[in-house]
Amino acid sequence: MARRRSCQLHQVISLFTFAVGVNICLGVTANRIKRAEGWGEGPPTVLSDSPSINISGSCKGRCFELQEAGPPDCRCDNLCKSYSSCCLDFDELCLKTAGGWECTKDRCGEVRNEDHACHCSEDCLARGDCCTNYQVVCKGESHWVDDDCEEIKTPECPAGFVRPPLIIFSVDGFRASYMKKGSKVMPNIEKLRSCGTHSPYMRPVYPTKTFPNLYTLATGLYPESHGIVGNSMYDPVFDAHFNLRGREKFNHRWWGGQPLWITATKQGVIAGTFFWPVVIPHERRILTILQWLTLPDHERPSVYAFYSEQPDFSGHKYGPFGPEMTNPLRDIDKTVGQLMDGLKQLKLHRCVNVIFVGDHGMEDVTCDRTEFLSNYLTNVDDIILVPGTLGRIRPKFNNHAKYDPKVIIANLTCKKPDQHFKPYLKQHLPKRLHYANNRRIEDVHLLVERRWHVARKPLEVYKKPSGKCFFQGDHGFDNKVNSMQTVFVGYGPTFKYKTKVPPFENIELYNVMCDLLGLKPAPNNGTHGSLNHLLRTNTFRPTVPEEVTRPNYPGVMYLQSDFDLGCTCDDKAEPKNKLDELNKHLHIKESTEAETRKFRGSKNEIKENVNGNFEPRKERHLLYGRPAVLYRTRYDILYHTDFESGYSEIFLMPLWTSYTVSKQADVSDIPAHLTNCVRPDVRVSPSFSQSCLAYKNDKQMSYGFLFPPYLSSSPEAKYDAFLVTNMVPMYPAFKRIWNYFQRVLVKKYASERNGVNVISGPIFDYDYDGLHDTQDKIKQYVEGSSVPVPTHYYSILTSCLDFTQPADRCDGPLSVSAFVLPHRPDNDESCNSSEDESKWVEELLKMHTARVRDIEHLTSLDFFRKTSRSYPEILTLKTYLQTYESEI
């Protein structure tokens, strides 16, 4: 995407430490940032395993200091454990647990004991180190959770707070459906949800793994953009491996984009620690955040984060449906309660904004449901597979002469009737995944069916001495799968009160967090303003992008004899002058403005035409305004009875074609004498028209129509559908998909939704970066043809959200479904494509569902420009993904 190029800005960090298994330690402090421009193509700079540190210093008065001490001084910040640089007394002074984490009646008014983890003495409030329930137990106050919901219309902050602080409470592996357990298991989280702003779920990025998603939350970038494409990965330029246990993950060269804490620091806002090593108890993390909130104004951070390894750890071990999951969820809720009680104790509960958010969901998975590549390939020892809930394949040895990704794909495609994975070249993956444009993403990718794993061979799964499976749950699947969805709750003075919002993608949260802090976001993949409806007041107001190229409105009629395109449309059932009448009809219909126009008559004399067609009389088919072209080019607006097009003089095909299909519309067959009909369009110069001869001479390529002749409103209007300006190149295999979509599915959706508006067109993304290819870029991939072959075709179907209202008379919210269909010479993606189209085409469309924003980036077009809805509402519509999944 256009913003995706921000991966070349790389503000990077050395932040992650992982313990064995899934116990995660992630962290950064405000001063621990290194700058790199790009991904460090030069020699690697690996962190030393044994830095020269004098650990004999002391942490007295320094526990969890925000400033990182540099060598040779020892450290007392939250990450010193990760870097083996803590002072000798760090555990003794900073990780105290004596006395427990709560006040009891017996402890109220106790004599201060400096060995205690937190205090219940009379002076603890003044010193900012009370246990979080001190006021409740010792002073008779109520727990935050027991108070009624209150609408906080303006922040109520103590003097010195220039902005409401933001606390990000992130939980690993929190499946969205866990929220159904409600207040009996999670009363504090449920109160945040019911009193604040929440969505039914939040969609993670693909792959639905921890590292990619935590860093996406921090940067607003897709993994292909920020570079963390998995929990483990190989960079062929670095010739280095990144994984959870190795030290290479500390190297800043892997981390792209600009995370929130860098955005804050660069704009003069202090950021606290973002993630915490697993050795630091949750209670200590909360108490530390609360203590930071009491720092002097010039030291106090404005943004904080808490990170919990649960419920992911238990979800892997027991599965998402195991009864053992209840206690980990109770523990998380207890920690949330400690935070909220602590904020109330500091009189900050009406001041601070809190985001409770997950990184991904969890699915029921066991070893028994594993596909082994050894059952498909004879050479599994020659490949490296990143296994599990997705598969990434590369050769075992670099520059392996016999390794061919296409051969691997062929040997894995549709080999068994019960196959539980689907192989793709990465450029053929659904565009909605945004998982291709990075050298760390292997050429061969396996999308694995939910609840299944993939491995090279059985030994690599059952390798434990017991031979038993050691997990019951996992994640990483397609990010539209309902079990992969996670939680989002926003609570505080800036969030709306008791508000439910539609689901959204986690790439959008970075912009929201910047808005909450009054920051200007760095370039990112989110759509700034699309989540304005979450907030009580909006500091950012998005504006409609400027149109770069305005269209032409053809004013010259060419003679039929001017065309020698090899196109015929013989209709022996009609009078001889039928086509001449149809051509005149093309020129004058849908006209309004009395503009003098000139056209060439049958004898080349100049004639006057006072009925110009500069604008349509009624926006019958462009219900939401004409799409804007956001790059320099040349294109014409062509009006017809049943559709309108923006015809490219560069690509010799429409950039878009729009039409509206009513619920009552009929689907008619094409008469036999018109099955091969293609008409020249006398409004467009022959030099800007396709040649039908090219298709006759190319047996591998056919053509289709963007407006379907099947939906023509009359026999006369049907001829418009056969114009060469409605024609696009299509592989014969793809025509089966396109024709079924137009003939059957469009009518089906129109019937179900009380009419739909359809906009369809070509996509050119030869370099699979998710962006519209320029003409020069296309020439690099397409030689010897004036008509480039699209890599994909898109279609956007819009109706009224309230199906009782017709699509063309909708005065309420809109509903949209969009598709980006790969244009390929075969239908191997669907293993049953030899069957009737009714058995497989719609499922293929659902796999390639997309957001309107995806299509806008792929085409450099801007849709929905003329509507009564607010622009933020339109952005919300554009960023919505129809997943076709069952309710969570």
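Numbering starts at 1 and runs along the chain as it is shown here.
Using the three backbone atoms N, Cα and C, a Cβ is placed for every residue, glycine included.
As stated in Swiss-Prot, the feature region 'Required for secretion' covers range 855-876 out of the listed 107-128, 525-546, 569-590, 855-876. Site annotation for 1-hexadecanoyl-sn-glycero-3-phosphate in Swiss-Prot covers Asn231, Asp312, His475, and the matching candidate from Thr210, Thr294, Thr494 is Thr210. Binding site for Zn(2+) 1 per Swiss-Prot: Thr210, Asp359, His360, plus Asp172 from the candidate set Asp172, Asp239, Asp404. The record in Swiss-Prot lists a disulphide bond between Cys94 and one of Cys63, Cys74, Cys130, Cys131, namely Cys63. The disulfide entry in Swiss-Prot for Cys469 points, among Cys351, Cys367, Cys414, Cys567, to Cys367.
Each of Cys414, Cys677, Cys692 is a candidate, yet Swiss-Prot gives the disulfide link of Cys567 to Cys692. DSSP classifies His475 (1-hexadecanoyl-sn-glycero-3-phosphate binding site) as coil under the three-state reduction.
Residue counts for the domain 'SMB 1' (55-98) under DSSP (helix as H, G, I; strand as E, B; rest coil) come to 5 helix, 4 strand, 35 coil. Cβ-based crowding with a 10 Å cutoff singles out Cys87 as the top-ranked of the disulfide-bonded residues Cys74, Cys86, Cys87, Cys124.
Classification of Asp312 (1-hexadecanoyl-sn-glycero-3-phosphate binding site) by DSSP places it within a helix. When the Cα of Cys86 (disulfide bond) is compared against those of the recorded positions Thr210, His475, Asp765, Leu771, the shortest separation belongs to Thr210.
Within the set of recorded positions Cys80, Asn231, His475, the entry lying nearest in space to Cys124 (disulfide bond) is Cys80 (CA atoms). Fewest Cβ neighbours within 10 Å among the recorded positions Thr210, Asn231: that distinction goes to Asn231.
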